[in-house]
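Structure first, commentary second.
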Number of protein chains: 2
Amino acid sequence: MDDLKQFRQWGSKTPGHPENFETDGIEVTTGPLGMGISNAVGLAAAEAHLAAAYNKPDFTLIDHYTYTIAGDGCMQEGISHEACAYAGHLGLGKLIAFYDDNGITIDGHTDLSFTEDVGKRFEAYGWQVLVVDKGDEDVDAIRKAIAEAKACTDKPTLIKVKTTIGFGSPNKADSHDAHGAPLGADEAEATRKQLSWNYGEFEVPEHVYAAFKKQADAGAAKQAEWDKLFAAYKEKEPELAAQFERAVLNRKLPENWDECLPKLTEKDNGKATRLHSQDCLNAIAPVLPEFMGGSADLAPSNMTLMKCTGDFLKDSYSERNFRFGIREFGMGAVCNALSLDKTGIIPYCATFTIFTDYMRSAIRIAALSQAGTIFVTTHDSIAVGEDGPTHQPIETIPSLRLIPDLTVMRPADGNETAGAYKYAVERSKNESRPTMMAFSRQALPNLPNSSIENTLKGAYAVVECSDPEVIIVGTGSEVHVCVDAAKSMDQKVRVVSMPSVEVFRAQSDSYKESLLPKGVPTLSVEAACTSGWDEFSTAQVGINVFGASAPGGTCLEKFGFTAENVKECAEKCLKGETGVLSDGTQGKH
Amino acid sequence: MDDLKQFRQWGSKTPGHPENFETDGIEVTTGPLGMGISNAVGLAAAEAHLAAAYNKPDFTLIDHYTYTIAGDGCMQEGISHEACAYAGHLGLGKLIAFYDDNGITIDGHTDLSFTEDVGKRFEAYGWQVLVVDKGDEDVDAIRKAIAEAKACTDKPTLIKVKTTIGFGSPNKADSHDAHGAPLGADEAEATRKQLSWNYGEFEVPEHVYAAFKKQADAGAAKQAEWDKLFAAYKEKEPELAAQFERAVLNRKLPENWDECLPKLTEKDNGKATRLHSQDCLNAIAPVLPEFMGGSADLAPSNMTLMKCTGDFLKDSYSERNFRFGIREFGMGAVCNALSLDKTGIIPYCATFTIFTDYMRSAIRIAALSQAGTIFVTTHDSIAVGEDGPTHQPIETIPSLRLIPDLTVMRPADGNETAGAYKYAVERSKNESRPTMMAFSRQALPNLPNSSIENTLKGAYAVVECSDPEVIIVGTGSEVHVCVDAAKSMDQKVRVVSMPSVEVFRAQSDSYKESLLPKGVPTLSVEAACTSGWDEFSTAQVGINVFGASAPGGTCLEKFGFTAENVKECAEKCLKGETGVLSDGTQGKH
């Protein structure tokens, strides 16, 4: 009750929008419109998968419905189209969505901007659509609709409930005034009167407490029943039960799970880090049955298919390759929910690096709401090439580094890719936190001194030098260019690979100072905008202009990502020049 | 022909995706899926508005159709839902969209992920939906469908055209292999043969040249006819014609247009910059009939309604207040097209600062494709307050500063708001480039020394001091906090307001050095993440953690945006401390 009285106040459990990290019993953090109904699709998908994977005849371990309430705003947002079309495609029969159809948004009546036939649209998605006409009072009609929803097992159900915003308020009902602002003492009093609610402010009658208590008791009884069921299941299905206990109930990784990850040496043939990523995904997939995900229709480009499992589709919920379709934002919200479902699923989702812009809000809310989503992205720089500047990230990776509590990894080779996966999987499972990874389209050599252990330091020397005159720091596909530049220089040069700014920041001061000592001229090289690199370097090579359509190698060359240019800039840096030494403007035609 | 041979090569006019800034005759830059059909809605809205505003009986100056081709990917993307639902709501009868229904996406057959009934969905939006079954060859059916589309004047039309991807290719038709990769010489030869196309590589038969030439001649004749019509219109409607010539044909602002902008002094009552923004919008609206836009259902919060005009709706296309609905991404794409229509429209669109994340790709493509969209955002920091961290920008403004060619303005008071509008309007009309503005929810005092002229320098001293020991640089709502901090200090302090990083960067070196001399300890203060501020300051006050739900004033205080904390940090800065001195972590509970 004290918390209720602290609604929207500092430190309360009752913030302005539901926040799972502040309040027990809140599954997901919503508020940004359309996020909730899209999360619900993920929660329902998690149920469908776990039921298919673990239930056995006479042993229904997993069996629950996912309910969500969406408003006019949710229905207008594009994310609801993506997630709900996907839910219809999947035929998620245990997803039940209430559409609170009250006809009012912040601008006023929905007539102003929103006149589509929502029910027909959802039918087009393959949903069952039901209507409750008098949603303010006709609770029996709602009960009946829920029963009908449950009876339809192969389609999600939308229950369109006609309601009145601020129902009961004599002067503010059916108007935007009842949306976000308090009614005020007088109007609250008048509302109580109109509703014949004979209790005071913050007074909850005893019979309500009793009703909730009854539910809690019933829940405890159901839990005891389930525990008994699971004990029997353990007898009958010892292997599956052990997996269920580890992965779902205790949410622990198997010991030494990471031994599956590839280890490479400088002699191994180089290839694109997106291919190393494919190797890692396929090494992890058989070891971690809770690892599941997919791409927004770029599987053959993102290289994200797991070969040991099939497609998660309407008739194959036990499989683990998601076919999200071209629905980045919906995909992100679905994956966040797969993690926040708290059944141990480690979800990944994939698209081109540039299209994280389409799902940026889902990435942000993963970080905010502590979802362990792994965002796999490929084609991470102008080396994308022919697709041109609409598809070439410039500011994308640096802009993602700005999101609090998100870790960005940009591996330079095979070992760094394996290190990124070790980090991302453990961060997902053990800490329920997101990681974003950026992989190259183009082939890259395996580097000297790279390893999983070094990757987990965030940065380390790939070319060591005890008393460097200048240090060159690169990330991802630029590290080997830095190595080549250093080789061609007469000075004492250390080359540092920094797969993760965030992970490096978290290292001890002594390690950071030993790797990047203050006072030593340091040049950073990244095929991205230079902003933010002042933190680690005295001078920068980057690209602060949009790219161009041409073969990837040509783009890299024209915009200055050559050993020659890096060498030249490193020499300037050594002589004391600071700031942005190469920003790609030389490449604009 | 040379350009065709240079497809996707460096410096060619034939990049991998259509780019309006590289190639004449390309209206908009697409490639990111769903962008084209959403742009088309904007192009059709521009036509509808100009026709309603300028056509007179017997003088149909504006009368054209907007055609667009969309694929399966576009249909899956949320942006297509937003823009097409909006187009249906507006009843844009001259919008004709072809849906290239070929059943193939990058992952394979659309059965994998995309099984909705697209036609039914568009009917739900209020579109006319037509079907062409044999789109590969039945050109007459397409012609017939276009005629039917034109006959339906109160609804946009979707023509669902069943096609075969790679039609004619004996081995790659109807498969993803025909999507992005070249057919190869042999398969191209086989395709020519199958299609009975008896010409060589890059050989265009004479009759095709002749057909195009005929079209060019017909176009020239139509132009001459139109010129005659306009000459008569000038006689009959001299006032409207003059406006049309200035605003639409010549695309020039009226002389001294900016005299309409408010000018304030320190003595004027302070208020939220979103209210100053409202004053500016309403000062501009009567002066510039080509100024039009609106909010994504936040008009009463963004304060973006123009009082001198009504709502742009189905029966009132001559009005200029857009009611975009809760459709940020669609809104951005529509506004970009309003600008790229090249009829002189100055479009603005509005949402909360945080929800630029929903439309980030539209903002990026505005910058890339040289669209003069003005992005108005309000509620620009943790001072949003009660709505909580899902609604409180932290990294949002810094992340937008990273987008090449986008200018971000964060005004501190009334004069800076007016300066931002002067900048944004002129940049839109004269240069066709976008500006993003961030306004406060909360009231702010008017500052000493602020003016439109100073704002246009990007940064200037609000508290002058000829020989400063320390400089404090603030932006937006933090500038007055810096002024208060400086007042409480005994040292010689200059306070600089920096409404725009990008505009300041473009000033002369001497001005920049005079304002922020190297060697003087400089503290930056912004209620946003600190990354990037190294460029201008030696030490930083910011917030690198997510905010919290509480009254805005409490948030500012808890996270360190008080005169007291700024003073303390300025003193540390003066003593030589560098880096992030206050990052908001003290406020985490």
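Quick reminder: no glycine exception, Cβ is built from N, Cα and C everywhere.
Noted in TrEMBL for the protein shown:
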- A:GLU328: active site, proton donor (ACT_SITE)
- A:GLY31, A:PRO32, A:LEU33, A:GLY73, A:ASN102, A:HIS179, A:PHE355: thiamine diphosphate binding site (BINDING)
- A:ASP72, A:ASN102, A:ILE104: Mg(2+) binding site (BINDING)
- A:HIS179, A:ARG274, A:SER301, A:HIS379, A:ASP387, A:HIS391, A:ARG441: substrate binding site (BINDING)
- A:271-446: domain 'Transketolase-like pyrimidine-binding' (DOMAIN)
- A:1-24: region 'Disordered' (REGION)
- A:HIS179: site 'Important for catalytic activity' (SITE)
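Annotated features, which come from TrEMBL, shown on the structure.
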residue  : record                            : DSSP (3 states)
A:LEU33  : thiamine diphosphate binding site : coil
A:GLY73  : thiamine diphosphate binding site : helix
A:ILE104 : Mg(2+) binding site               : strand
A:HIS179 : thiamine diphosphate binding site : coil
A:ARG274 : substrate binding site            : helix
A:GLU328 : active site, proton donor         : helix
A:PHE355 : thiamine diphosphate binding site : helix
A:ASP387 : substrate binding site            : coil
A:ARG441 : substrate binding site            : coil
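Closest to A:HIS379 (substrate binding site) by Cα-Cα distance, out of the recorded positions A:ASP72, A:ASN102, A:ILE104, A:HIS179, A:GLU328, is A:GLU328.
Assigned with DSSP, the residues of the region 'Disordered' (A:1-24) fall into helix, strand and coil as follows: 4 helix, 0 strand, 20 coil. For A:PHE355 (thiamine diphosphate binding site), the same-chain residues 6+ apart in sequence whose C-beta sits under 8 angstroms from its C-beta are A:ALA296, A:GLU328, A:THR377.
In the set A:GLY31, A:GLY73, A:HIS179, none of the binding-site residues has a C-alpha within 10 Å of the C-alpha of A:HIS391 (substrate binding site). Contacts of A:SER301 (substrate binding site) defined by a Cβ separation under 8 A and a same-chain sequence distance of 6+ are given as A:ARG274, A:SER295, A:PHE352, A:THR378, A:HIS379, in order along the sequence.
For A:ASP387 (substrate binding site) paired with A:PRO32 (thiamine diphosphate binding site), the C-alpha to C-alpha distance reads 32 Å.
When the C-beta distance to chain B is held to under 8 angstroms, the binding-site residues A:GLY31, A:GLY73, A:HIS179, A:SER301 reduce to A:GLY31, A:GLY73, A:SER301, listed in sequence order. Around A:HIS179 (thiamine diphosphate binding site), the C-beta neighbours below 8 angstroms that are at least 6 residues distant in the chain are A:ILE104, A:ILE106, A:ILE165.
In this model, the domain 'Transketolase-like pyrimidine-binding' (A:271-446) carries an average pLDDT of 98. Secondary structure at A:SER301 (substrate binding site), taken from DSSP and collapsed to helix, strand or coil, is helix. In the three-state DSSP reading, A:HIS379 (substrate binding site) counts as coil. Using a 10 Å radius centred on the Cβ of A:LEU33 (thiamine diphosphate binding site) and all shown protein chains, the other Cβ atoms total 25. Highlighted in sequence order, A:GLY71, A:ASP100, A:ASP101, A:GLY103, A:THR105, A:THR110, A:THR163, A:ILE165 have their Cβ within 8 Å of the centre of the Cβ atoms of A:ASP72, A:ASN102, A:ILE104, the residues recorded for Mg(2+), and are not part of that set. Residues within less than 8 Å, Cβ to Cβ, of A:ASN102 (thiamine diphosphate binding site) and separated from it by at least 6 positions along the same chain comprise A:GLY71, A:ASP72, A:LYS162, A:THR163, A:THR164, A:ILE165, A:ASP174.
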